[in-house]
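Peer 1: Straight out of TrEMBL:
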COMPBIAS  313-323  compositional bias 'Polar residues'
REGION    309-333  region 'Disordered'
TRANSMEM  6-24  transmembrane segment
TRANSMEM  45-63  transmembrane segment
TRANSMEM  69-91  transmembrane segment
TRANSMEM  98-118  transmembrane segment
TRANSMEM  138-156  transmembrane segment
TRANSMEM  163-182  transmembrane segment
TRANSMEM  202-222  transmembrane segment
TRANSMEM  234-255  transmembrane segment
TRANSMEM  261-283  transmembrane segment
Amino acid sequence: QTQLLGVLLAAASNFLISVSLNIQKCAHLRLACQREPKPYYRSKLWWCGIILLGLGEVGNFTAYGFAPIALVAPLGCVSVIGSAFISVLFLKKTMRAADILGGTLTVTGTYLLVTFAPNVPQELTAGQIQNYLVSWPFLVYSILEIMIFCILLYFYKRKAVKHIVVLLMMVALLASLTVIAVKAVASMITLSAKGKMQLTYSVFYIMIVLMVTSCAFQVKFLNQAMHLYEATAVVPMNFVFFTTSAIISGVIFYWEFQSAALLSVFMFLFGCLLSFLGVFVVARYKKEEHLQIPFIDCGHIPGQKLTGKIQPDSRSSRYGTLNNEDDSVKSQS
């Protein structure tokens, strides 16, 4: 029941995040259409989106205290897929066959994830977390992760290599530390709320520092990737890298698959694969949507073919502005 609560909380939080992002996008579009655009932070609709985003992130944080990392992290696909469907309502986009196929793959993968996820106790005390921090598997994992991160950082800083894989690999390595710290902090807060005080231990504050620091650098490299590359490439790749690193860190640090059967592990990984495919299918052709500019059919306007178009002027409130490049249209005017 505790694990189911974490699943529902994570799914609802990611859905709320997708709603909030679409509301913010809708607010920006409305402001852009005004004759005298005002700053976005003065828009009530934008603040509504920000509040929903905050609630979604808090819910995601809380979910780590009730469910394993290996289960909460892949549920981030709900935000990606949900955003594709919600944009049809908020941004009046068209539903594509790729959205339906990707949504079907993701729902199937999510069902397998929830069904075959590891069932481990989620009430982690400060003493248990201290033992995990000094366990030899985590120490070996930390050394390897630091070495790989330093190599990538060397190419990023000294060689100016800003390939998308390099950037998102650094984000994923930092994310693995973030989810470890988030789960530890959320678990200790949950236990403290139940009357078993854990906030007096030093490991609680160590984990908070680790969480904030890794998250800050993670956002830095992710923003760099979003600046250099298309979101259609960054979003699915970041989801795959983040989920993979989160699952690996949960397995090594919290021993989440220690007593799982081989069939359960296989089906869980198959569910992850379906979720990855679903996200890639939805995001693959998103770039083409920017080319789909709405047009008004000319109909039977004299001198124009039935296939001729009149393009709305997006910079004003007047529709039916003729393209300046069309000489035949100029002569008709």
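Placement of Cβ uses the backbone N, Cα and C atoms for every residue, glycine included.
Because the structure is a prediction, the values reported are computed rather than measured.
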Peer 1: Cβ under 8 Å to the transmembrane segment (261-283), counting only same-chain residues 6 or more beyond its ends: which ones?
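Peer 2: Hits for the transmembrane segment (261-283): 70, 74, 77, 80-81, 84, 98-99, 101-113, 115-118, 231-232, 235-236, 239-240, 243, 247.
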Peer 1: So which residues does the transmembrane segment (163-182) touch in its own chain, when a touch means Cβ under 8 Å and the partner is 6 or more beyond its ends?
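Peer 2: Result: 61, 64, 69, 73, 145, 148-149, 152-153, 155-156, 207-208, 210-211, 214-215, 217-218, 221-222, 224-225, 228-229, 233-234, 237-238, 241-242, 244-246, 248-250, 253-254.
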Peer 1: If you count Cβ pairs under 8 Å, which stretch among 6-24, 45-63, 69-91, 138-156, 202-222 touches the transmembrane segment (234-255) the most?
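Peer 2: Looking at each of 6-24, 45-63, 69-91, 138-156, 202-222 in turn, the most contacts to the transmembrane segment (234-255) are made by 69-91.
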Peer 1: May I ask for the residues of the chain that lie six or more residues beyond the transmembrane segment (69-91) and have a Cβ under 8 Å from a Cβ within it?
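Peer 2: Sequence-remote neighbours of the transmembrane segment (69-91) are 3, 6-7, 10-11, 14-15, 17-19, 21-23, 25-26, 29, 60, 63, 99, 102-103, 106, 109-110, 113-114, 117-118, 179-180, 183, 235-236, 239, 242-243, 246-247, 249-251, 254, 256-257, 268, 271-272, 275, 278-279, 282-283.
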Peer 1: Out of 6-24, 138-156, 202-222, which stretch has the largest tally of CB pairs under 8 angstroms to the transmembrane segment (98-118)?
Peer 2: 6-24
Peer 1: By a Cβ-Cβ criterion of under 8 Å, what residues six or more beyond either terminus of the transmembrane segment (6-24) are in contact with it?
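Peer 2: Result: 45-46, 48-53, 55-60, 62-67, 71-72, 75-80, 82-83, 86-87, 89-91, 110, 114, 117, 122.
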Peer 1: Under an 8 Å Cβ to Cβ limit, what residues of the same chain, 6 or more beyond the ends of the transmembrane segment (202-222), are close to it?
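Peer 2: Long-range Cβ neighbours of the transmembrane segment (202-222): 126, 129-130, 133, 167-168, 170-171, 174-175, 177-178, 180-182, 184-185, 188, 234, 238.
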